[in-house]
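Participant: One structure follows; several queries about it will come next.
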Amino acid sequence: PNCFGYPLSIFFIVVNEFCERFSYYGMRAVLVLYFKYFLQWDDNLSTAIYHTFVALCYLTPILGALIADSWLGKFMTIISLSVVYTIGQAVMSVSSINDLTDHNRDGSPDNITVHIALSMIGLILIAFGTGGIKPCVSAFGGDQFEEDQEKQRTSFFSIFYLAINAGSLISTIVTPILRAQECGIHSRQRCYPLAFGVPAALMAVSLIVFIIGSRMYKKVKPQGNIMIQVSKCIGFAIKNRFRHRSKEFPKREHWLDWASEKYDKRLIVQTKMALKVLFLYIPLPMFWALFDQQGSRWTLQATTMDGDFGAVQIQPDQMQTVNPILIIIMVPVVDTVVYPLIKKCRINFTPLRKITVGMFLASLAFVAAALVQVQIDKTLPVFPTAGQSQIKIINLGSDGATVLFEPQLQSVTVTPLESTSYMTFESSQLQSINVTSGNSTRTEEISLPGGNRHTLEVKNIATGIFVELVLDNVTSKPEEGNNLIRFINNLPDTDTINVTMGDTSFGTLTYLSTSNYSLFSGGRKDEITVASNSMLCSVTSQALGFGSAYTIIINGCSGDALYVTYSEDIPPNTVHMAWQIPQYFLLTCAEVVFSVTGLEFSYSQAPSNMKSVLQAGWLLTVAVGNIIVLIVAGASGLSEQWAEYVLFAGLLLVVCIIFAVMAYFYTYIDPREIEAQLDEEEKKQVKKDPVIYENQAEIDTHM
């Protein structure tokens, strides 16, 4: 059946691809944050496992192509591996259910090993599923067209690419929103089950849609995989050359010519052309090593930034949407404006020069990321080391207070209802504190273990000076843009009060007592309510930003109005996420001139039957690039993230120079012209000796 001149079957294939890409990119968008915040892995381990997974996703297409071309055929390969894919997505969703092992209902999994094991099983199944069907779906779509439908086939691939980008863009917007919700049976947590569950559902829909169209598909039987023939040809040439390595055998023009005893000239010449392109692929993995860090290091960088865009609050993992949005904009702009302008300037902007420029732009993108990281690092709080203690002072009284840290370490004066920033002391040197307020003085001996922050609360009251040293129990900045809030009851006319903020209760607080910290999502303004037997007061909190910690001091209640002051314990994220846009812009420009041009160049320089070999080689460069991230990040030993960005930028710049030299010596060929010459030679051979030619053709068929 046809619709608008297109086989009706391709519409099922396009919908299938949209759902599958939604499933993959939606799951991948939240993956590194799942590792970090749910599985409680550090940044380096989260990054390592993320890139291992991506590498596996780009290694398995070779396996999928072999299965499809040599055994099951494209249709059954897509069906079989889609089932594996769907199961993997479902397992990932189950693995992220907090209540699965939270038997004591404290909000944390009791057996994290179970969640890790399920996650790894799910990711392996997903990698085999998505990688295995990757080389099959687009080729299967191309099989649906007749030979006289070349125009429709070209349009199909454009629609197919649009479906990929649409699925990627929409899922990268939606799944971080789902992740940011709170859900759970016994305790409310970030909703990773929903963030993974929706992609799992979309993958199931993808499979169902593909099966529905099964009767309409044109199913081409497996005809053998050219990669196997090429591998055998190369292997035989190497073995044959090794057997004839002595000087008595004359040298041949090319080492592949040693395969001529077993393989025909056409396959050898075509393999030479393919290897010539594959040789240029050697430096390319370094580009992908930088490019794929959008989903790992750059997402983790966004967690320490301010995502407040006015009416919209952007989640850290949503910043990845900048890339597909810019792709949709930049591809037509570059094709219709930039390249024609370069051509008018009479600059010979060859494909290999475009790839070189793409590498350079990606290197610049990581320089931009390093500059942003330097600014972020300036805003991060410094926490005490094992031998240090940090103390901040909050003056809760109406008189000024002077605090002397003995022996003669530091003297600080604090005005009424004000606080200081944290001061750092060597724990072994700090012996006592002397507080003077009004006409009273009080000395307290202290002994601090080190490695912690403390708050010194002082107030001049009728019975003398109140002094209390409170352990803050905070050793790092709140992550994921969350805020930490605690309260001090500074209401002198009440015995105890009940404090709530939003839906969170801080319990009862006696006079001058301090609550524990509670975690709140960033960017919110919540209602603070204080209740006792004799009063009920409330006030809306000020905007507390993202990634901050505050001590809110309850000072007074008049009518139903509550009066509070805020003491900043940890400053909020102040570097805005918008500062990541330049690095995304540079990397997207790099992708446009690198990735699109790379595939175009490969196809233009490869023989007609070697497209799959080059496709496999191209996907292999992506896999190797992700492995490079593991090696470099693990071996560098750099403690500063900006330094790692600079290292990657420098490595790519060096590789860029090497590739530019390789490109300079590359000679462009026309495969069609070479194949036409081979056709002429074969015709002459047939006329000269048709029997020999037919026998050779039969041998090649069964090889």
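In case you wondered, yes, glycine gets a Cβ from its N, Cα and C as well.
Whatever TrEMBL says is automated annotation, not expert-curated.
Summarising the annotation, TrEMBL assigns transmembrane segment to 48-68, 75-92, 112-133, 154-174, 194-213, 273-291, 325-342, 354-374, 616-639, 645-666.
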Participant: Tell me, please, if the transmembrane segment (354-374) and the transmembrane segment (112-133) are in contact, taking contact as 3+ Cβ pairs under 8 Å between residues separated by 6 or more positions?
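Facilitator: With fewer than 3 qualifying Cβ pairs, these stretches do not touch.
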Participant: Which range wins on Cβ pairs under 8 Å with the transmembrane segment (645-666): 75-92, 273-291, 616-639?
Facilitator: 273-291
Participant: Report yes or no: does the transmembrane segment (273-291) come within contact of the transmembrane segment (616-639), defined as 3 or more CB pairs under 8 Å with a sequence separation of 6 or more?
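Facilitator: The answer is yes, given that the two segments have at least 3 Cβ pairs within the 8 Å cut-off.
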Participant: Name the range, of those listed as 48-68, 112-133, 616-639, that has the largest tally of Cβ pairs under 8 Å with the transmembrane segment (75-92).
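Facilitator: Looking only at 48-68, 112-133, 616-639, the most contacts with the transmembrane segment (75-92) come from 112-133.
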